[in-house]
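Now, the feature entries from TrEMBL:
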{"type": "DOMAIN", "residues": "B:78-267", "note": "domain 'ABC transmembrane type-1'"}
{"type": "TRANSMEM", "residues": "B:12-38", "note": "transmembrane segment"}
{"type": "TRANSMEM", "residues": "B:77-101", "note": "transmembrane segment"}
{"type": "TRANSMEM", "residues": "B:113-137", "note": "transmembrane segment"}
{"type": "TRANSMEM", "residues": "B:149-167", "note": "transmembrane segment"}
{"type": "TRANSMEM", "residues": "B:188-210", "note": "transmembrane segment"}
{"type": "TRANSMEM", "residues": "B:246-267", "note": "transmembrane segment"}
Amino acid sequence: MKLRNQSIKESLTGYLFISPQMLIFLVFLVYPIFEGIRLSLYQINYTSEKFVGLDNYVTLFNDPIFFKALLNTVVFVVFIVVLTVGFALFVSSAVFDKNAKYVSFIRGSYYVPVMVSMVVMSMVWSFLLNPANGLISYFSQEMNLGTVNLLGKTTTVLPVIIFVTFATNVGQAIILYIAAMVGVPKDLFEAAEVDGANRWHVITKILIPSVSSTTIYIAIINIIAVLKIFVVIQLLTGGGPNNASVTLMYYLYNNAFKYNQLGVASAVGVIMFLITLLLSVPQLRALIKDM
Amino acid sequence: MSHDNSNKKKKMELFDVVTNVVVTLFAIINLFPLYWLITSSLKNSSDVVKMPPDWLPTTITFSNYMDVFQSQPAARWAFNSVLVSGVTTILVIAVGAMAAYAFSKINFKGKNIIFIIFISSLMIPKEIMIVPLFRIIQDFGMVNSYQGMIWPNVATAFGVFLLKGFFDATPNALREASRIDGAGEWRTFLQIMLPIIKPGIGALFILNFVQVWNDYLWQLVIGQEKNMKTLMVGTATLMQDLNPNFAYKMAGATVAAIPMLIIFLLFQKYFTQGMTAGAVKE
């Protein structure tokens, strides 16, 4: 009996310790999810709410800009994640076994753009890409290509945004990979060397497979980060030209805070929520297996 | 055969050297936009658009910075950023450490399932719930208030995730000894366990501070009055500013970036530690 009391007391203490986090969590995270689902079924004006069923979703599926935003988001996710994982693997497998000073220089110089944020980097890039007086336009004139307006053309705007986002954010993946690679047991490499394997074999056959759980983690956090890509769109293109660079998050924001279509915006939010939920399943599985 | 092998080895050494040269070169190119940001902010309005450009500023002027601070409430924005990032982070540490301690050291019913729910929330960006979140804050009367900027950012399981790893690494015997000595759970937590995980708290402080400092979308919708903007949001408004002087815009962006650069230079090791503590299994 005493033992049972003890365990009830222990349980109560546990709940007490998690309760502040739990409360904030319920109010600002769990409740908004359900409220978002509810709002997506309503037509919302300044003062009134009217139940409209799935009308908001029907509106979305009849809006070509929504599909443009969806397609652009998928393109961004695929290209940015592949570039990030590929390039981060290249950089970190080249430097992971070098001396500490050099490694920290590499880590630092790729991470600094992450540090100073997408807002600041977008502002610099907007200056660099400015057709009238940006450095990139200057180089293209020097090479007799005339002034270029990379952000003003529907064909070039996506690659430019992909590049800017990738270059700004790749540092985080590099830090994670280097840390994971430093942790790979040394005797694996020694054994490989005894067997006459060269660096290329070591990298492709031992190193990269050893950090596969980090790869999954990096891929997932990047997919989710790119899914909500917003700042670079707002500051560089405003979704243009002609909606060529509009993304789901930008579309959601415009509907909510520019066109006052809160119901439609909520529907976009619900769709994005389902996508993230689906994407996080493998990561969650891994987590649960670990426990 | 052995000759062939050593030849191969030399080739691979060359391959290693070449890749490292490429990596270093990319690293330097990667830093160039920042170099251009800072040097442009120090040029006067005519030099900044000069063609061919001055790779080094010929005359250095701080007038763009003066402009930013005079024509915009940039000092207020900076204050807002420090306050919001600081208070948010302290709250994240307080509630996160309590929860992490419980998940790590206390046995309670449903602990594993609750922890999984907490952690899965890390995958859901709050941005996609911006409409309901905004309406909740509106109902609380917290639009254009610090509270409205702070609370939704405290609702992250990141602190729990990170600090649990640090608590897991402390010996259970320590907690038991403290309990046998008659200390209550709360005292054990505050006086014995918290001081041990100081490095974890340091890492969490820096990572979370930077994250909130760089937060954009939420602060954009919640701080609508000019004086209630954070530095990131305020700086971004310079892009729509009618002032065509790019040096002035770059000065604003530099003001937003410099504190983060300094934090990074001072605490580099915490970043690596904090980011990998949660993500990289050894």
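Each Cβ is built from the backbone N, Cα and C atoms, and glycine gets one as well.
Please treat TrEMBL annotations as automatic predictions, because they have not gone through curation.
Most Cβ pairs under 8 A with the transmembrane segment (B:149-167) among the ranges B:12-38, B:77-101, B:113-137, B:188-210, B:246-267 are made by B:77-101.
Within its own chain, the transmembrane segment (B:188-210) is flanked in space by residues 85-86, 88-89, 92-93, 96-98, 101, 105, 158-159, 162-163, 165-167, 170, 174-175, 178-179, 260, 263, 267, 270-271, 273-275, 277, which lie at least six positions past its ends and keep a Cβ under 8 Å from the stretch. Distant neighbours of the transmembrane segment (B:12-38): 250, 253-254, 257; these residues of the same chain sit at least 6 beyond its ends, with a Cβ under 8 Å from one of its Cβ atoms. With a threshold of 8 Å between CB atoms, the same-chain residues lying at least 6 positions outside the transmembrane segment (B:77-101) that come near it are 118, 146, 149-150, 153-154, 156-164, 166-167, 189, 193-194, 197, 201, 204-205, 208-210, 212-213, 219, 223, 228-235, 255.
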